[in-house]
Amino acid sequence: MFRRSEPGVQLKTPAEIAKMRAAGRVVADTLDRLRAAVRPGVSTLDLDAIAEESIRGAGAVPSFKGYHGFTGSICASVNEEVVHGIPRADKVLAEGDLISIDCGAILDGWHGDSAITVAVGEPRPEDVRLLEACEESMWRGIAELRPGNRLGDIGAAVDGYLRSRGRFGNVQEYGGHGIGTEMHMDPHVLNYGRRGKGIELVEGMCLAIEPMANAGTRHVVQLEDGWTVVTRDGARSAHFEHSVAVTAEGPLVLTAREDNRARIAELGWPDPGF
Ligand code: MG
Ligand code: MG
């Protein structure tokens with residue numbers, strides 16, 4: 001069974017981490033296909049169909065489908081939608097939109113979970129800044145995933161970077177999580193916090209790091225569909241996520257895509273294999 005550092009925190013062996021990379025690669029390949037499919041006129045339900053085919057074609061199962069009754073294989077959140085958007089035939093992308101795509105898959109009993117935000121067509125300059133701030137805050141958070149660091153170091157790094165980039169709203173109601181034989185496991189990973197606080201990170205922990213940054217205030221509300229989370233002020237939002245293992249050699253990005261290869265090499269982190 002699992003070694004546990006803290007109650008409820010599942011630790012993985014190197015062999016199990018290799019299986020999680022395999023699951024993560026299914027998610028990565030699916031997000032690659034979805035990014036390539038994003039264009040004006042495509043509906044979020046079209047994207048959902050591509051995702052389900054990609055995941056099942058790899059012999060995996062879409063973990064979002066049926067999760068507490070969710071109908072999609074992805075969450076597709078457009079513009080002021082932050083997370084948990086439900087794929088819909090009547091939600092059609094237009095030039096200049098932003099779409100956040102969150103995707104999860106189960107392979108051989110192990111979960112992968114990752115998200116990207118993509119501009120539809122030519123991005124607006126303010127959207128480029130929002131995406132850069134959110135994605136880089138994710139990398140800064142991931143950089144803290146080293147044995148001996150504390151959970152609070154992650155949130156402090158994410159929040160510190162977002163603050164350094166301007167007046168972005170850092171969503172607090174949702175955050176990252178442990179991941180392994182379930183999608184959402186202990187611990188909850190806040191995107192804000194204090195250095196040196198929280199549980200100690202140890203080898204074999206796998207965490208999903210997923211900042212959500214708003215162009216306006218941090219405040220969000222959930223729509224009456226029971227899922228879709230939108231910004232309270234209607235400003236646009238971005239969401240990036242990777243599932244990552246804590247190893248002695250540094251953060252091992254389990255959901256790494258080819259377009260992350262150069263960045264991971266630059267940071268000197270373990271090569272997850274592409
Ligand atoms: Mg996710
Ligand atoms: Mg997640």
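Glycine too: its Cβ is placed from the backbone N, Cα and C atoms.
Keep in mind it's a predicted model, so treat the numbers as computed, not measured.
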Of the candidates Glu135, Glu136, Glu144, Glu241, which does TrEMBL annotate as part of the divalent metal cation 2 site that also includes Asp113, His177, Glu210?
Glu241
Divalent metal cation 1 site partner of Asp113, Glu241 (as recorded in TrEMBL), chosen from Asp102, Asp127
Asp102
If one measures from the C-alpha of His177 (divalent metal cation 2 binding site) to the C-alpha of His184 (substrate binding site), what distance in angstrom results, rounded to a whole number?
6
Binding-site residues near ligand 1 among His84, His177, His184 (Cβ under 6 Å):
none
Cβ within 8 Å of the divalent metal cation 2 site centroid (Asp113, His177, Glu210, Glu241 excluded): which residues?
Asp102, Ser114, Ala115, Gly176, Ile179, Ala208, Ile209, His242, Ser243
Mind telling me which of the binding-site residues His84, His177, His184 has the densest Cβ neighbourhood, counting other Cβ atoms within 10 Å?
His84
Determine, using Cα-Cα distances only, which of these binding-site residues is closest to Glu210 (divalent metal cation 2 binding site): Asp102, Asp113, His184, Glu241.
Glu241
When the Cβ positions of the binding-site residues His84, Asp113, His184 are compared with the atoms of ligand 2, which fall under 6 Å?
Asp113
